[in-house]
Amino acid sequence: MNSQRRLVLSGLLCVLICDIGGVIGGVFRSPNSDDALFWRQQAESYLKRILQYEPNRRQGGAGVARNVIIFVGDGMGIASLSTGRIYKGQLAGRSGEEEVLSFDHFENTGFSKTYNTDRQVPDSAGTATAMFTGVKTKYGFIGVDYSATATNEVAASVSNIMEWAQAAGKRTGIVTTTRVTHATPAATFAHSFDRNWECEAKIPANVRNKTKDIARQLVENAPGNKMNVIMGGGRSAFGAAIPEHLKTAFKFNGSMEKTCVREDGRNLVKDWLVSKNGSEAAYVWNTAELMNAEVDDLDYLMGLFADTHMSYERVRDTSEGGEPSLADMTEKAIRVLKRKHSNGYVLMVEGGRIDHAHHQNHAHLALREVVELDRAVERALGMVDLDDTLIMVTADHSHSMTFNGYPDRGNDILGFANRPDKLPYETITYANGPGFQTHRINDSSDQPSHLGTWIPVETMNRSAMDYRHLSAFYIGDETHGGEDVAVFATGPGSSLVRGTFEQNYIAYVMSYAGCMGPAKRFNAECFSKARVPSGATDTVRSASSQLLISIVFLAVAKLCYLI
């Protein structure tokens, strides 16, 4: 029997044995358990179901992706997509409704259920953990399952797509407009009981010596310390802040604008550069440095372009001394990651400030950030071959924003929702947030709820940079929304994105298509001769019997709930 047939049969045998283990395991496990094994089995079950659809059966699988790029619009729910699409068209002088986003034409779409294991409406830490590890978890947890405590993060940790990719010989990277230690990017490399532990100053003193802050994990621990690209904001968490006179002049309010400032005197950027001694590595902190970097020759690139989150696109300093756009960062990241000698790459790109703008009811800023994410996707599409690259675009959760009224076609999407002869109200409003107070007459809080308690919206300065759309209920930061979010996919493996599924299934799509991590065993193409590196035939042949033994061991372990 040749090596190719041995590998394929071994892979199929693995699937069969694991299926038996799953069935037997399911008999003894509670159907609503929230441990890692439950969520992994749930994702495997949905994957096998989708693989039975005719297109996948006819083709013998969903294909293999050498490269995987996942774009996350943080807070980009369905209403944000619809209004962002119109806004994009209106920026170009068109009506807007007929506009298309760069990923609207992706051939496969689905819906993701975003709840955390302990919340109907989730946060970004739990949702990102689901997307990048295949395991749902609690609100505020990063890279750990539901059992995590402040001191057992290692025991509760779950592996993620970057670990799977690096084990498969792929290059890896993250790009974000938030701090690189913020919830969504952190879930690609960190394991933390509290998403706020971005630097040591935020960790309670009684556990500070028992855990590592997220910035240190990125620099010191795998997979973060092996990432080839790290770009976004967050210099303060690394002890590498820049002088005050170089910072953006416009200040926004809200809890999302607070940052984590190191107090231990360490400069983790310097530590990162020292750790890359002997490799082609570079650290950049403004647009000029990024654009001038020899990215085609670099092994490692770190770019931290703001002390906290990067600026909203509408106020971004576009000069050479300012901050690069999300599209520019995405292009440079892909150029660093593309190397002939590797087995491909995995890249996560986040448009993170969509979320922050919504939290403060800044609809105009949020929609501009949707457009910028769209531009980043468009830039990536122009650089990759979709025959070997899976691209996914999704959101981690939605927001409480509504798209309402009966405005005429072509009406300003940021304008009024009703006819001019009626009392005006806005097309975009929020269920809650600080916009309530913005529109409220300050001395009328004790009056009955009638028109006299509100500032007439047509008299307000709605073009102001910090203008807030009306919200129905006051809260300092608007909340997320709990409805399903859209998932768009194109390239090898994209046919697996269909229907309505749990959010952790997204990790299994990337795992299956990328021939990495737990779902690799379901993809027979991953074991074909063409996938075996040159010169490795003898190693594969000698390892066949060991592989079979390992399969049996894993199956037994699964039955005993050891994995």
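Along the chain as shown, the residues are counted starting at 1.
Using N, Cα and C of the backbone, Cβ positions are placed for all residues, glycine too.
Here TrEMBL flags Ser124 as active site, phosphoserine intermediate. Sequence-distant neighbours of Ser124 (active site, phosphoserine intermediate): residues of the same chain at least 6 apart with a C-beta under 8 Å from its C-beta are Asp74, His182, Ala183, Thr184, Arg195, Asp355, Asp396, His397.
Marked as Zn(2+) binding site by TrEMBL: Asp74, Asp355, His359, Asp396, His397, His480. Other Cβ atoms within 10 Å of the Cβ of Asp355 (Zn(2+) binding site) number 29 in total over all chains.
According to TrEMBL, the Mg(2+) binding site annotation covers Asp74, His182, Thr184, Glu350.
Look at TrEMBL and you will find 1-25 tagged as signal peptide.
There are 27 other Cβ atoms within 10 Å of the Cβ belonging to Thr184 (Mg(2+) binding site). The CA atom of His480 (Zn(2+) binding site) is located 17 Å away from the CA atom of Glu350 (Mg(2+) binding site). Ranking the binding-site residues His182, His359 by C-beta neighbours within 10 Å puts His182 at the top.
Taking the Cβ of Glu350 (Mg(2+) binding site) as reference, residues of its chain lying under 8 Å away and at least six apart in sequence are, in sequence order, Phe71, Val72, Gly73, Asp74, Ile174, Val175, Thr176, Thr177, Thr178, Thr184, Pro185, Gly232. Scoring each of the binding-site residues (His397, His480) by how many neighbouring Cβ atoms lie within 10 Å, the top position goes to His397.
Each of Val72, Ser124, Ala128, Thr176, Thr177, Thr178, Ala183, Pro185, Gly352, Asp355, Asp396 belongs to the same chain as Asp74, His182, Thr184, Glu350, is absent from that list, and has a C-beta within 8 angstroms of the C-beta centroid marking the Mg(2+) site.
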